[in-house]
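J.: First, the structure itself, so that you have it in front of you.
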Amino acid sequence: MTMITDSLAVVLQRRDWENPGVTQLNRLAAHPPFASWRNSEEARTDRPSQQLRSLNGEWRFAWFPAPEAVPESWLECDLPDADTVVVPSNWQMHGYDAPIYTNVTYPITVNPPFVPAENPTGCYSLTFNIDESWLQEGQTRIIFDGVNSAFHLWCNGRWVGYGQDSRLPSEFDLSAFLRAGENRLAVMVLRWSDGSYLEDQDMWRMSGIFRDVSLLHKPTTQISDFQVTTLFNDDFSRAVLEAEVQMYGELRDELRVTVSLWQGETQVASGTAPFGGEIIDERGGYADRVTLRLNVENPELWSAEIPNLYRAVVELHTADGTLIEAEACDVGFREVRIENGLLLLNGKPLLIRGVNRHEHHPLHGQVMDEQTMVQDILLMKQNNFNAVRCSHYPNHPLWYTLCDRYGLYVVDEANIETHGMVPMNRLTDDPRWLPAMSERVTRMVQRDRNHPSVIIWSLGNESGHGANHDALYRWIKSVDPSRPVQYEGGGADTTATDIICPMYARVDEDQPFPAVPKWSIKKWLSLPGEMRPLILCEYAHAMGNSLGGFAKYWQAFRQYPRLQGGFVWDWVDQSLIKYDENGNPWSAYGGDFGDTPNDRQFCMNGLVFADRTPHPALTEAKHQQQYFQFRLSGRTIEVTSEYLFRHSDNEFLHWMVALDGKPLASGEVPLDVGPQGKQLIELPELPQPESAGQLWLTVRVVQPNATAWSEAGHISAWQQWRLAENLSVTLPSASHAIPQLTTSGTDFCIELGNKRWQFNRQSGFLSQMWIGDEKQLLTPLRDQFTRAPLDNDIGVSEATRIDPNAWVERWKAAGHYQAEAALLQCTADTLADAVLITTAHAWQHQGKTLFISRKTYRIDGHGEMVINVDVAVASDTPHPARIGLTCQLAQVSERVNWLGLGPQENYPDRLTAACFDRWDLPLSDMYTPYVFPSENGLRCGTRELNYGPHQWRGDFQFNISRYSQQQLMETSHRHLLHAEEGTWLNIDGFHMGIGGDDSWSPSVSAEFQLSAGRYHYQLVWCQK
């Protein structure tokens, strides 16, 4: 044990937090989570241990701007102005200091290992009583599961130790410091330490004791470590559970270890042995270790599909059977290996349906509770995710247990990122930083290696590639050859990774960056000598309205076996709740706390909002990742299962044929499909529709019974086919009414019954409509070529740094947002049964014509206005965001009804999950409340739209809400939006894709850009 004086002054003088060679003082060795049961039955059933006591709750807290400001007296007693805070928590969430959001740039001046003199310091204290029996025998430990970023610990005024690495436990022996009755802990937490240079992850930078604190009492002679490994024969019919157990304390001949394996109430296998291992070298073997091997016949294998778990109980006892203590863990029999370029689980090639997940809560910062963890897992499972990458640090210990039990594959990642270094590997190639990096990797492995859900180790994130990585890669491969290691830094295919694991590599497009090129994922597989599997560690940047082009990745994954999936970036928006002057909550992002530097809304890349409400893009991910694929041939549906291990035992295929959303026939068939099997389903002869419209066949896989992760009736997969379009049209009855045209100096006015249309002759726009005496328009009907920029349109542009390649900057520079209409033509003609208005506009900026829009409006005796639009696009202007029409309707109706793709928001490059049907939703549901306002709510493939008294028909895309594109563009946060008068309607003949391969470079694929020179579309607008 390291001994230093107890005084605060000496601790401050040592400045351990600015020495990369000091990562801990007196911290105990890493190991799996312990509970020290004194009853083996309680260990088997995982009951709360009487030897494990939580110290979570209210602690006294005082905040100081620097450690030097902390008074020495605090070590002995609470300060008079101390506050009370809840542990675990981040102190920034209690109003102390400010959270800082930055992606790459370090939040402190880069001068490793030194940190600013102004180093916010939180002083925690807790008074507690100790059970006297704990003082009489054994060892009492204190466990801090997570403290950011470094801390010193005192107990009863005496210095205990020091720890850093904010995402792994720091555990200390308190036995020599405790006394009968009342005891006092004092914890001095520093916001910045040399460890902060290894923790430059894209996240909020927060501080404090943010994970659980507990006391653990272990006997003097104790289990100090245990590791379980599962081994198999070739066909997995026989397995061996290998358990290596290490003890600490007096090594006596009478000591024995028994390992028993349980499946529920049934003991499957058991073995007992004394300590003493195999001979290692000429000096012998480990006297304090023993390895037991238990044979298991026909084990029920673990996978994310079927997370079969056993329970291993490790008992330390004497020869006569007297139990000293027991530890236990869940065991999943599974094998992970790479063979012939494929990542295999239990001999089957995996397809990773993965997502990156930060530990984030909008109210609690980086504090994770069980309810939130379970909620995340259930949502992932319900949306066909099977894997999660712990980005970019080891998670709360409970997370892994939950992943074991619910079934998720886990990439466990070391808490190492040096993204802001220049070059990135400045520290990771420096041997002075090897000890700090080593502790972060080795302690992660030692804590988490017993979890079957952990199938891959990761050396960290975005830290370049240095010699330290190579050393740690070799250490893991030596200590745990049962799992592959991945690491993206330095080019994604270095010697420190078993898996090619690029981030944001595209399907077909190379990105030839200097030194670290990102090849297309298809090309990467074919590079000379390359035989590793490729799994994208990050892809499909889900920032705001994004995930365009996601289907293209999944087409490639299914086409090329060695393209084994990837991890979407990322799971949850990292917005935080703030309150306005009236106490109303709102969602904040970088800069909203006065934090500098900051990267604004770049913290919000989630498939779900911070409160776990899904983004529309989540449905697209669910659909592309679904485990059932469908093919239609005639009246035969072929259903293929992509499950590797699971037989469909809780699925029905529901099918329905509908004409323009009206059901004509339906049925339900039980699915009986084995792993990777097929089932043919023959549909009956379908009825012939009697009216015109689109005929669609929709199939849905429905789970009739609830599961551990879904409710009864859960839909896990679906597909639609357009069968035909019935052209047996009933002609409208002839109208004897003829619209009347009147012309004034300023307007053309058309009147039919109680309806009137007014076209302004100076502007050429439809300026007003009346039904009776009620005006229908608040603004004229005008062309629209722009959209409120998406995050993907903005890229890295900001006020102080313009990216001229970003779509929004190209549109601005070309004048798309500033363009004004010059009237070229506005004429009116009376036809035999209609009035025809003809207009032409040149949309110009600074004398340059960007678009020419020619329209005809034909108003007939039925009151239908047929609008034909022809648009010519200048050859030297950027491809526009949309080609359509917009106006502000006077009407505000509660509901919107449409025949088209839905129900969720969809865009041309993100619509495979949408279904063609007749949908009816509240107006409020047509707006997607992205925290950073942008273009949103589009519905594609629309044939008919009904809103209030109005109906539009054609083949178009639309969005409708209380917010104008102008307001969306000018507003920084959704809570600042105000409902405008009336309703804004945007009807597009064409709309550009949204992209999403990444959010910092133009990522809309060419096929989803509006690159043609001419466009035509038609609408029918009438009143019902």
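Residue positions begin at 1 at the first shown residue.
Cβ from N, Cα, C; glycine included.
Heads up, here are the entries from Swiss-Prot:
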- ASN103, ASP202, GLU462, GLU538, TYR539, ALA540, HIS541, ASN605, TRP1000: substrate binding site (BINDING)
- ASP202, PHE602, ASN605: Na(+) binding site (BINDING)
- HIS358: site 'Transition state stabilizer' (SITE)
- HIS392: site 'Transition state stabilizer' (SITE)
- GLU417, HIS419, GLU462: Mg(2+) 1 binding site (BINDING)
- GLU462: active site, proton donor (ACT_SITE)
- GLU538: active site, nucleophile (ACT_SITE)
- ASN598: Mg(2+) 2 binding site (BINDING)
J.: Other than GLU417, HIS419, GLU462, which residues of the chain come within 8 Å of the Mg(2+) 1 site, judged by Cβ distance to the Cβ centroid of those residues?
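T.: Close Cβ neighbours, site residues excluded: VAL104, ASP200, GLN201, ASP202, HIS392, THR418, GLY420, MET424, GLY460, ASN461, SER463, GLY489.
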J.: In three-state terms from DSSP, label GLU417 (Mg(2+) 1 binding site) for me.
T.: strand
J.: Run through the Cβ atoms and count how many others sit within 10 Å of the one on GLU417 (Mg(2+) 1 binding site).
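T.: Within a 10 Å radius of the Cβ of GLU417 (Mg(2+) 1 binding site) lie 26 other Cβ atoms.
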J.: Anything within 10 Å of ASN103 (substrate binding site)? Look among the recorded positions ASP202, GLU417, HIS419, GLU538, ASN598, PHE602, comparing CA atoms, and list what you find.
T.: ASP202, HIS419, ASN598, PHE602
J.: With the cut-off set at 10 Å between Cβ atoms, which of these binding-site residues ends up with the most neighbours? Options: TYR539, PHE602, TRP1000.
T.: TYR539
J.: How big is the Cα-to-Cα gap, in Å, between HIS392 (site 'Transition state stabilizer') and GLU417 (Mg(2+) 1 binding site)?
T.: 8
J.: Around ASN605 (Na(+) binding site), which of the listed recorded positions (GLU417, GLU538, TYR539, HIS541) come within 10 Å, judging by Cα atoms?
T.: HIS541
J.: Quick check: which same-chain residues outside ASP202, PHE602, ASN605 lie with their CB within 8 A of the centre of the Na(+) site CB atoms?
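T.: Near the Na(+) site, beyond ASP202, PHE602, ASN605, sit ASN103, MET543, TRP569, ASP570, GLN574, ASP599, CYS603, MET604.
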J.: If you skip the near sequence neighbours and keep only those at least six away, which residues in the chain come within under 8 angstroms of the residue listed as 'Mg(2+) 2 binding site', Cβ to Cβ?
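T.: Listed in sequence order, they are ILE100, TYR101, THR102, GLY590, GLY591.
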J.: Return the residues near ASP202 (Na(+) binding site), defined as same-chain residues 6+ apart in sequence whose C-beta is under 8 angstroms from its C-beta, sorted by sequence, else 'none'.
T.: ASN103, VAL104, HIS392, HIS419, PHE602, CYS603
J.: Cβ-Cβ under 8 Å from HIS358 (site 'Transition state stabilizer'), same chain, 6 or more residues apart: which ones?
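T.: Long-range Cβ contacts: MET203, SER391, ASP570, TRP571, VAL572, GLN574.
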J.: Have a look at the binding-site residues (ASN103, ASN605) and report the one with the fewest Cβ neighbours inside 10 Å.
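T.: Minimum Cβ neighbour count within 10 Å, taken over the binding-site residues ASN103, ASN605, occurs at ASN103.
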J.: Where does TYR539 (substrate binding site) sit by DSSP, helix, strand or coil?
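T.: Looking at the DSSP assignment, TYR539 (substrate binding site) belongs to a strand.
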